[in-house]
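Novice: Sharing a structure here in structure tokens format.
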Amino acid sequence: MRTTYLVGNWKMHYAPADTRTFLARFLSRIGTVTAGREIVFCPPALSLESALEAVKSTPVSVGAQNVHHKESGAYTGEISAPMLQSMGVKYGIVGHSERRQYFGESDVLVNQKAVALLNCDITPIICVGETLEQREAGEAQVIVRQQVEAAVAGMDITRLIIAYEPVWAIGTGKTATPADAQEVHDVIRDTLRSLGDSQRVPILYGGSVKPENIDSLMAQPDIDGALVGGASLEVESFLRICQYNAGS
Ligand SMILES: O=C(CO)COP(=O)(O)O
């Protein structure tokens, strides 16, 4: 059995004060829902410390949205993996399509960032996913396979989490159907098979995950959790996502 992950990617939302308010409300409502489910919040770097303070002594964890691939140096504005490790950050998102698209991050850089995190015992959440053009051209599976192979090169795959986020589903309200998502998740697991024990790698789905679609997504055999943007910004909707019922 793989652990299930419900990860909130807050993107550029919630300064430290908002982070404290949100997490106090969320944690007062979470109850026993965390059994067998790992809940992770990835706030902006500025709010990591507030988030870590808020979740202390709770089963909820904190992740970073990005990391620089070098350990230290003259890289103005950047944050390194050793810095995140020293704070107690457990996870780090790398290769999000917004970083690839707006900040020009390549597959090679995504791999370097993931290695930097692993060197600091931080679990990388490696994002992959095709654009609408690529999907319409029938290239989704080839693109995702290439992205996965490049991102995980040289790594112990059992220390990673992969997130499949079709670019056309992010923030658009268009979700991949559970069957479409399952198909790509299966391709990802197949890609990992030649590299190690792929059955142990959690593969998350991301892209317009909502309280209304989480149950049917989680019912798929190769969907091991969700990477949630917009719906993780509201306590009620993210709580409902964490309380998913894959049996329905
Ligand atoms: O990019 C995402 C999570 O990383 C998905 O965002 P939305 O859930 O807002 O579509």
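The backbone N, Cα and C atoms fix where each Cβ goes, glycine too.
Automatic, uncurated: that is what TrEMBL annotation is.
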Novice: According to TrEMBL, ASN9, TRP10, LYS11, GLY171, GLY229, GLY230 bind substrate; so which of SER194, SER198, SER208 is the extra one listed there?
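Specialist: The one candidate that TrEMBL places in that substrate site: SER208.
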Novice: Residues with Cβ closer than 8 Å to the Cβ of GLY230 (substrate binding site), same chain and 6+ apart in sequence?
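Specialist: Listed in sequence order: GLY171, SER208.
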Novice: Determine, to the nearest whole angstrom, how far the Cα atom of LYS11 (substrate binding site) is from the Cα atom of HIS96 (active site, electrophile).
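Specialist: Cα of LYS11 (substrate binding site) to Cα of HIS96 (active site, electrophile) measures 10 Å after rounding.
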Novice: Who sits close to TRP10 (substrate binding site): which same-chain residues at least 6 apart have their Cβ under 8 Å from its Cβ?
Specialist: PHE41, CYS42, PRO43, PRO44, SER47, GLN65, SER232, LEU233
Novice: Let me know the most crowded of the recorded positions, choosing from LYS11, HIS96 and counting other Cβ atoms within 10 Å.
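Specialist: For the recorded positions LYS11, HIS96, the Cβ with the most other Cβ atoms within 10 Å is HIS96.
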Novice: Counting all other Cβ atoms within 10 Å across every protein chain shown, which of the binding-site residues GLY171, GLY229 scores highest?
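Specialist: Output for this query is GLY229.
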